[in-house]
Structures are given as C-alpha cells and as structure tokens.
Amino acid sequence: VLVGLDGAGKSTLLQTLLGQDPEPTMPTFGFNNESLTRGGFDVDVFDLGGGEKIRGIWKAYTADVHGCAFVVDSSDDSRLDECADVFARTLRDPHLSGKPIVVFANKQDAPGAKSAEEVAIALGLATLRNERHRVVACTAL
C-alpha cells in the first residue's frame, strides 16, 4: 500500500515509479491500483487517498500486503504533527506488523524541506522495534 496525508505526493510518486511523466493530479478519493515490475518482482500498488475522511478505508487494503510505503511532504511543517499521528496509527494496524515500511521524505526540492533524517525523527522511527524500515529522501517530480 502507498499511503500518507493528502497532498504528500503519493500519486505523483507512483506515476514516476511507473515511468510516466507526472501529470497534475486531483486528490485521490478512494484508491488507484497499478502494477509495476522492479528487480524481477511484479508489484501491485494500491495508492490510497490520504484525506482525513478517506483514511478509514486503509485497513481494508492491508490484509494481504507485503509492505507499506508512507509518503511525507517534507516541506509542510504545519502538518508534520498530524503526519506523525497518522503514521503511528498506520503502524498499529496488525496486518502491517513485521512488514517492511519505507517512508518517502518527498518534495526535497521545495524550500525548507526537512531531510530524511529530520523526517525520521519527527515520525519517531528510532522508537520502532522489530520493524524493518527505511527513510528515503525523494522528489517525486
């Protein structure tokens, strides 16, 4: 699953991973499903809407996943606390327990963007135990 707050750049990141030119996107209401191949593996990605009212559906998509990608808008300080709260709630999903987590610290090209290390600190990644995780700085465009 590909999750994160609305406006974090999830759909744009997915378009880039698919080798497509990122187009201006509308907020995702519900989900987008795409398939891609990386390293000889076929991967089905569920890009789930990040709006507050749609986050409740996330749990419906985690039962059979092999990992979780959480996208953070590294340039939006005003939502970092909300992002940390949503990230913590996401990790409490029992279906994600023990599964690898990758955090994309997106929008690194934006002025004032937090580094991957700063995003990791803000999300409390140092406190995770028995969870495989990585933070990757990126610019989805």
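Glycine residues also receive a Cβ, built from the backbone N, Cα and C atoms like all the rest.
Remember, TrEMBL labels are computer predictions, not curated facts.
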Given TrEMBL lists GLY4, LEU5, ASP6, GLY7, ALA8, GLY9, LYS10, SER11, ASN106, LYS107, GLN108, ASP109 for GTP, the same-site residue among GLY40, GLY50, GLY67:
GLY50
Cα distance, THR28 (Mg(2+) binding site) to ALA8 (GTP binding site), nearest Å?
11
Given a separation of at least six residues and a C-beta threshold under 8 Å, show me what packs close to SER11 (Mg(2+) binding site) in the same chain.
THR25, THR28, ASN32, ASP47
By the DSSP assignment reduced to helix, strand and coil, which category contains SER11 (Mg(2+) binding site)?
helix
Relative to the Cβ position of THR28 (Mg(2+) binding site), how many further Cβ atoms are located within 10 Å?
18
